[in-house]
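Going by TrEMBL, these are the annotated features:
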| type | residues | note |
| --- | --- | --- |
| DOMAIN | 31-233 | domain 'Alanine racemase N-terminal' |
| MOD_RES | Lys39 | N6-(pyridoxal phosphate)lysine |
Amino acid sequence: MSAPDSFATRLAVLQTRLAAACLRAGRDPAEVALLPVSKTFGADRIREAAALGLRRFGESKMQEVRDKAAVLADCPVEWVVIGHLQTNKAKDAARLASEVQSLDRLDLAQALDRRLQQEGRTLDVLVQVKTSDEPGKYGLDPAALPAFVRTVARDYPSLRVRGLMTLAVNSDDTEAVRACFRALRGMRDRLRDEAIEGVDMRRLSMGMSGDFELAIQEGSTEVRIGSALFGARDYGAPDG
Ligand SMILES: *Cc1c(COP(=O)(O)O)cnc(C)c1O
């Protein structure tokens, strides 16, 4: 048996909650992927998670990806970038990331595309959209989204647009949170109807530890879960 506070237990509890949220929303749990967010947690914790079958891990900072990728070179893990990506980190992302969910501007698209061509590979990307007025949140302005997606599809062929990502407003007001998710889904549906060549506008990365049940109700295809899985984060002193 696993200890009550072990990673295996937390994963099992989370999977039960995910399945229950899907059932309540009338959705098939197979439609909603779990992206474990391992930022600030050390390589040992990722190794433990990988041993339980998790493969993709969400990280916010390229420097952390570099450090962890070096230590975990023997471990079958993939790195998903979910945090603000500086243009001067495009080279690392093109080399190390299996996917970037925080594409939010054309200069980044251009830098990634150039580095990907050098690496001879393509990269799945989600476009991060700002769905609340909360200051300090990154993401593309919704009004700019359709033209942005068309431009990326046309000019940056190494990037394969697969959907949208957002962070909802951080609020106790359930309806305000829901409105963010609903807005993103509406944008995804409209873009999907446009059927832009080279774009598979299917995925909706939305929902975190505190709001994933709502996100699933609103059509999320992927929830990004950190603290509910790995425990509370300590930004001051990342554990080994
Ligand atoms: C940290 C982070 C998460 C996970 O947050 P939790 O509340 O710990 O689940 C999800 N998405 C993004 C973009 C993050 O930076």
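Cβ coordinates are placed from backbone N, Cα and C, and glycine is handled just like the others.
No curator has checked TrEMBL annotations; they are predicted automatically.
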Would you report the average pLDDT that the model assigns to the domain 'Alanine racemase N-terminal' (31-233)?
97
Close in space, distant in sequence - the residue listed as 'N6-(pyridoxal phosphate)lysine', Cβ under 8 Å, 6 or more apart
Gly58, Glu59, Ser60, Lys61, Glu64, Gly83, Gly226, Arg233
